[in-house]
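Everything below concerns the one structure shown next.
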Amino acid sequence: MTTMKQLNIAVAVAVTVLIGMLGSSEAQLQMNFYAKSCPNAEKIISDHIQNHIPNGPSLAAPLIRMHFHDCFVRGCDGSVLINSTSGNAERDAPPNLTLRGFGFVERIKALLEKVCPKTVSCADIIALTARDAVVATGGPSWNVPTGRRDGRISNVTEATNNIPPPTSNFTTLQRLFKNQGLNLKDLVLLSGAHTIGVSHCSSMNTRLYNFSTTVKQDPSLDSEYAANLKANKCKSLNDNTTILEMDPGSSRTFDLSYYRLVLKRRGLFQSDSALTTNSATLKVINNLVNGPEQKFYEAFAKSMEKMGRVKVKTGSAGVIRTRCSVAGS
């Protein structure tokens, strides 16, 4: 007959195994991970941001986008930073060809290597830099637990297949976010990062000139906005260089303006418009727009922290690369 003591032991073992199955790597991320090994690490990063972002605020959006693109391929492991001489790394994939900020991150890494060699991961630098850059623009802050380690594999095909393109419809967005353990609320909130920054005509030209075999212009795009873009910005299907604000008139302010434009059918990308085609995501947008900005900030912060935990490498997994652009460093 099983004794109560044996039963308690069995339950304890089962709980321990379950926790392990849920992901021990996630549990190992912690606030101030470098408190003993490199106590000034986070200050060095935030100081560098504060010294440069106010003079170049347009870099904030690319840095948060870099974090997003890193986490969606093999988890948040810094693999998006790896350079390839043969053109087969993540940064060679179409979604990453317009990424900026690689040199900025590498300079921060060099500063940290001087103070604490082989200690602070490139993955953590990306995560902290994204947060501090948004804060420097007057946007929200969020917790960034650290302890991520770096990957050494960076694959162009994986990036192409896993990073949601701006041409995504709702089904594609839902699938790609679900693959990373992110839900529909996260989809809406993380899309809110489009409130700052710019893009190029190449990311949305098909909406204006070649939407489908039967319709040249995307009917979900406000016709007046489309006419304005055609006349003043993207004057042809072949325009790949003209810069567009993702949140016109408010592209340097982290606010709710992006969502208001989406509701007016003036979201720049097809993926922006897709958010209004599902009742659940549309409800989230309406709740945000009708609520205080602080509520958006708090919700955005939770989703950013959640994304920053996606499939992280910790403990004995991964490595600490000494140069972020070099896989074997």
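Think of each number as a place in line: the chain as shown, counted from 1.
Quick reminder: no glycine exception, Cβ is built from N, Cα and C everywhere.
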Query raised in the report: Which candidate, Cys122, Cys234, does TrEMBL give as the disulfide partner of Cys201?
Result: Cys234
Report task. Between Cys38, Cys71, work out which one TrEMBL annotates as bonded to Cys76 by a disulfide. Result -> Cys71
Query raised in the report: What are the other residues, in sequence order, whose C-beta lies within 8 angstroms of the center of the C-beta atoms of Asp70, Val73, Gly75, Asp77, Ser79, Glu90 at the Ca(2+) 1 site?
Result: His69, Cys71, Phe72, Arg74, Cys76, Gly78, Val80, Ala123, Gly151, Ser154
Query raised in the report: Within 10 angstroms of the C-beta of Cys234 (disulfide bond), what count of other C-beta atoms is obtained when all protein chains are considered?
Result: 23
Query raised in the report: Which Cβ among the binding-site residues (Asp70, Glu90, Asp247, Asp255) has the fewest C-beta neighbours inside 10 Å?
Result: Asp255
Query raised in the report: When you measure from the Cβ of Cys71 (disulfide bond), how many other Cβ atoms are you left with inside 10 Å?
Result: 30
Query raised in the report: What count of other C-beta atoms do you get within 10 angstroms of the C-beta of Cys38 (disulfide bond), across all chains shown?
Result: 16
